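Just below is one structure, and these are the notes that go with it.
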Amino acid sequence: MGVKIIVPSLGESVTEATIAKWYKKEGDAVKTDELLLEIETEKVTLEVNSPCNGTIGKIIKADGANVAVGEEIGDINEGEAVATNSNEAAKPQTASQPVPEKVPKKPAVANNTLAPSVQKLVTENKLDPNNIKGTGKDGRITKGDVLETMNAPTPAATSTTSSAKASEERVERVRMSRLRKTIAQRLKDSQNTAAILTTFNEIDMSKVIALRGKYKDEFEKKHGVKLGFMSFFVRATIEALKLIPSVNAEIDGDDLVYKNYYDIGVAVGTEQGLVVPVVRDADKMGFADIEKTIGGLAKKARDGKLSMADLSGGTFSISNGGVYGSLLSTPIINPPQSGILGLHKTEERVVAIDGKIEIRPMMYIALSYDHRIIDGKEAVSFLVKIKELIESPEKLLLNL
């Protein structure tokens, strides 16, 4: 009897997944820990590797099938992995006919060895995977490798392009990924369940910009990470949550659950959709630790390597639409949380300061909150506290 290929544990509260792509077919030789397939959950894409050497026996669940944790999806005939292409066996050569030397060629990268998200990125940008250096396991190409290739300078074209391609179809129908369906459902559930209201304020970024500019080089030299603005906002948010505990609470049936810990979700946009990895116990971190943690989570998100643990929980979220140029927005709450802070683009605007007209770098901030648990006064006070701390960043450093 063959060795079963089963759906691994997917993390807390996750019981189902979808088979995104098999990389092996029945009869293929495999080695221990070699990639067999990818499965897609509501939040992440996970790799399933071979538990032993052998050949693929039977594939029970094909691409696109919904599967449960622990379910058998195929099996492996255990034994030494053998080459599947018998034509590659060496043939004897006669002594009178010397074999001409051939220049070794770089093996072509087959499309079926690319992860679905990587293949989509390669296809959309008309890239040749053979020209992309893979840094993943066994030299596989990751999304990070594709993005690095896209950002690299390209040499000038040396030949004319081929004849124009036929006009593209005006409509393309693509099946929604499990992640996209989950995002759609959760956002709609949020609007249907919570009494969402949004309040706004604006921040003069002059002092925090000056502080960052003065110490960013010294900070990076000492801590090995760049000093961004997100660490200031995370620290300011935590102080505001301590001042207004209801924003860090949630509704559970007939109870209000007040959380005395601060796990801050930071929204990250990826090719597959929006994910919100969590910075655990952010109140116990300094600026450098916050920047390192956010940077690491963002890289894992872009490379599709977030784990379920990275995405689970969270007591409050921050979304920075400003990195895309957003001037103002009304972010949607990530349930069961009761609030989300929206950051936006900093731009110079004319403002009145002590009766004088001045030009200052200003940012609009927004708090979307569940009005069932948070009163308007509390929501406004929450943003006022953040405004106060960002406009006087020395208070964050002195814990004032």
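Every residue, even glycine, has its Cβ placed from backbone N, Cα and C.
Annotation source Swiss-Prot lists domain 'Lipoyl-binding' at 2-77. The N6-lipoyllysine annotation in Swiss-Prot covers Lys43, and the record cites sequence analysis as its basis. Under the heading compositional bias 'Polar residues', Swiss-Prot lists 85-97. The annotation region 'Disordered' is assigned in Swiss-Prot to 85-113. If you look up Swiss-Prot, you'll see 113-150 marked as domain 'Peripheral subunit-binding (PSBD)'. Residues or ranges marked as active site by Swiss-Prot: His371, Asp375.
Per-residue pLDDT, averaged along the domain 'Lipoyl-binding' (2-77), amounts to 85 for this model. Residue counts for the domain 'Lipoyl-binding' (2-77) under DSSP (helix as H, G, I; strand as E, B; rest coil) come to 0 helix, 39 strand, 37 coil. Residue counts for the domain 'Peripheral subunit-binding (PSBD)' (113-150) under DSSP, helix first, then strand, then coil, are 24 helix, 0 strand, 14 coil. Residue environment of Asp375 (active site) contains 12 other Cβ atoms, counted within 10 Å of its Cβ in all protein chains. Listed in sequence order, the residues of the same chain lying 6 or more apart from His371 (active site) and placing their CB within less than 8 Å of its CB are Ala194, Ala195, Ile196, Leu197.
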